[in-house]
Amino acid sequence: MSSAFLQVALVGTLLKLLLVPSYRSTDFDVHRNWLAITRTLPVSQWYYEATSEWTLDYPPFFAWFEYILSLPVGWFDPHITTIMADPYQSWPCILYQRLTVMLTDGLLYYALHRFINEAPWRSRQERTIMAAGIFLNVGLFIVDHIHFQYNGCLYGMLLMSIVEAVKNRPLRAAAWFAILLNFKHIFLYLAPAYFVYLLRAYCFPHGWSRTWLHRGLARTATLGGIVVGITLLSFGPFIAMGQLGQVMSRLFPFKRGLCHAYWAPNFWALYSFADRLSLAVAKSVLRRDIAVPAAMTRGLVGDTSYGLLPDIKPWHTFALTLLFQLPALVSLFRRPTAKRFIHALVLCGYASFLFGWHVHEKAVLLMIIPLSLLAIESKRDLRIFVLLSAAGHVSLLPLLF
């Protein structure tokens with residue numbers, strides 16, 4: 001075990017402890033309510049419970065994760081798992097939930113420790129510096145240890161998958177990614193890169209010749225069996241109860257609107273600004289009253305409409321996202337190396353951030369974290385990383401208020 005990285009992790013944990021009493025967003029109340037739902041109610045009611053506005057809208061593995069976290073709450077404050085409409089933030093509740101985030105960051109630490117020991121890139125010292133940068137990432141501090149979420153644990157799963165890909169263990173990489181998707185479905189935006197990489201690097205590494213066709217199809221079946229098996233383990237109970245439609249309606253609430261409550265600095269933010277500007281110019285030039293739509297970024301149900309520019313539907317955003325992912329996917333298809341795979345992950349995340357539906361500002365970490373792995377590889381990647389990291393972390397500052 002790298003003693004230097006261990007020291008960095010200990011310092012980082014001490015800094016996180018200092019943030020325990022800091023500002024908390026409504027996401028703190030969201031996760032407390034999920035602790036209450038999963039501990040108090042039977043599984044059949046998890047995705048129907050609506051006493052609080054903070055309903056359960058993550059995939060089933062995350063719901064079970066919340067259930068496990070709810071088991072020790074009696075030692076801190078039994079009221080943590082009481083279902084209620086109003087927020088509940090006693091000091092024991094705050095302490096307990098903050099500690100769970102720090103504890104689950106252990107997976108991030110383990111994934112980075114493995115990267116230091118197993119990745120064949122650069123020197124061990126350089127890999128340790130990179131790992132320290134991710135563990136002490138400002139964005140993760142803001143999003144997880146102030147705003148309140150569990151992204152450190154989730155990115156730990158992503159990094160575990162990447163490590164397996166780097167070590168040419170594609171089935172393990174696929175399994176980790178399938179588990180991750182069943183924890184948080186925002187990572188679906190990275191799925192095209194995984195699909196292309198696994199197809200070319202594992203299923204058909206030598207092309208489409210007749211010699212490899214039978215073996216490739218067998219490998220595809222094996223790979224598909226792993227992914228489908230993990231997904232059925234997650235969703236199977238809800239399929240058996242006839243609740244798949246209800247679960248999916250919670251996971252994909254398209255009526256929330258195109259833009260999130262905070263302005264994610266993406267294409268749709270500029271699109272919304274252009275619509276407002278065109279309305280102002282039209283009113284000034286035509287000297288007529290023109291109806292101005294309600295704010296487009298409040299995250300409210302049915303709250304997306306434009307004055308002059310065309311309204312945007314979910315399928316528009318999906319098509320644009322896939323279109324701008326294609327160059328990276330084509331490059332990866334032609335040469336499915338581990339480094340190109342990570343580049344494709346970054347670019348798939350970038351396209352989804354720019355053009356996705358209802359993008360959260362926190363999604364910028366989909367680019368920053370994977371790109372951190374390549375920042376030690378070349379000056380070109382380092383320059384891109386510095387610019388992206390600086391701009392991305394500044395965009396997260398509204399989460400502090």
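Numbering starts at 1 and runs along the chain as displayed.
Backbone N, Cα and C define each Cβ position, glycine as well.
Those TrEMBL annotations? Automatic predictions, nothing curated.
These numbers come from a predicted model, not from an experiment.
Taken from TrEMBL, the feature signal peptide covers 1-25.
According to TrEMBL, the feature transmembrane segment maps to 128-148 (among others). Under 8 Å from some Cβ of the transmembrane segment (128-148) lie the Cβ atoms of residues 2, 4-5, 8-9, 12, 15-16, 19, 22-25, 27-28, 31, 97-98, 101-102, 105, 108-109, 112-113, 115-116, 155, 159, 362, 364-365, 368-369, 372-373, 375-376, 392-393, 396-397, 399-400, all in the same chain and six or more residues away from its ends.
Annotation source TrEMBL lists transmembrane segment at 173-199 (among others).
The feature transmembrane segment is assigned by TrEMBL to 220-240 (among others).
The list of residues near the transmembrane segment (315-334) in space but at least 6 beyond its ends in sequence, with Cβ under 8 angstroms from a Cβ of it, reads 189, 192-193, 196-197, 199-200, 258, 267-268, 340-341, 343-344, 347-348, 351-352, 354-357. What TrEMBL lists as transmembrane segment is 315-334 (among others).
If you look up TrEMBL, you'll see 341-360 (among others) marked as transmembrane segment.
Away from its own ends, the transmembrane segment (220-240) comes close to residues 43, 47, 59-61, 170-171, 174-175, 178-179, 181-182, 198-199, 202-203, 246-247 of its chain (Cβ-Cβ under 8 Å, at least six residues beyond either end).
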